[in-house]
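S.K.: Before we start, here is the structure in question, set down as structure tokens.
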């Protein structure tokens, strides 16, 4: 994951000081891309320990179409708590948009089922896209989508995915986002009898928060270690039937975790 550390260095060297919604302040660059060949290992940051339980359960929560933190709490995941209301609701965030995008005529579109069908029937289509950026519902969301738009691509029997992330917290959020979409590519490839290809990450406002500078400096002193490998323990009936126990990460040997505050 050297390219992740290189991104940190770039933000530190070239970033513009900016105010932000949270009032914390950032160093920010605009427009950056990284490519991860998923054949070469699972892109889980090794220069600090990542909380894989949270990454997996959050993705399953998205795929279930849920927007209340109750499922996450049942599985000891608290990463969305800061934005939830007193009932645990977040409004029409990722799960709602992925699984039940509302149309003007009252229909709902299950975008995940739709792209799975497209990949089976029209793998060369240039329209195999999921969007969480529903302009008509942004004001109802506890947090507007950061990872907002992703596209799939099939070539030579391999499934690739590119994500556009309009806002990226490089220290805390980005390792989660990379691992989450890499997981999704592995799951979809298994369901479609394809090999995994590349995960391409594209960032818009790509930033380090001002209260993450010491943690970033510490992480940059550490040498990356070999990437782990993801093993899927079984093949469920559909993309929606995976369980936490289905994901086995082999050979993950990270440096110790580094704590940092979340900007809310």
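Glycine residues also receive a Cβ, built from the backbone N, Cα and C atoms like all the rest.
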S.K.: Would you identify which residue of 134, 177 Swiss-Prot lists as part of the dUMP site it also attributes to 21, 126, 127, 166, 167, 168, 169, 207, 208, 209?
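M.R.: Of the residues offered, the record points to 177.
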S.K.: Measuring Cα to Cα, how far is residue 146 (active site, nucleophile) from residue 167 (dUMP binding site) in Å?
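M.R.: For residue 146 (active site, nucleophile) versus residue 167 (dUMP binding site), the Cα atoms are 5 Å apart.
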S.K.: As a test of the contact definition, list every same-chain residue at least 6 positions from residue 169 (dUMP binding site) whose Cβ is closer than 8 Å to its Cβ.
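M.R.: Sequence-distant Cβ neighbours: 146, 207, 209, 263.
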S.K.: Express the distance between the Cα positions of residue 21 (dUMP binding site) and residue 51 ((6R)-5,10-methylene-5,6,7,8-tetrahydrofolate binding site) as a whole number of Å.
M.R.: 26
S.K.: How big is the gap, in Å, between the Cα of residue 167 (dUMP binding site) and that of residue 51 ((6R)-5,10-methylene-5,6,7,8-tetrahydrofolate binding site), rounded to a whole number?
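M.R.: Answer for this pair: 21 Å between alpha carbons.
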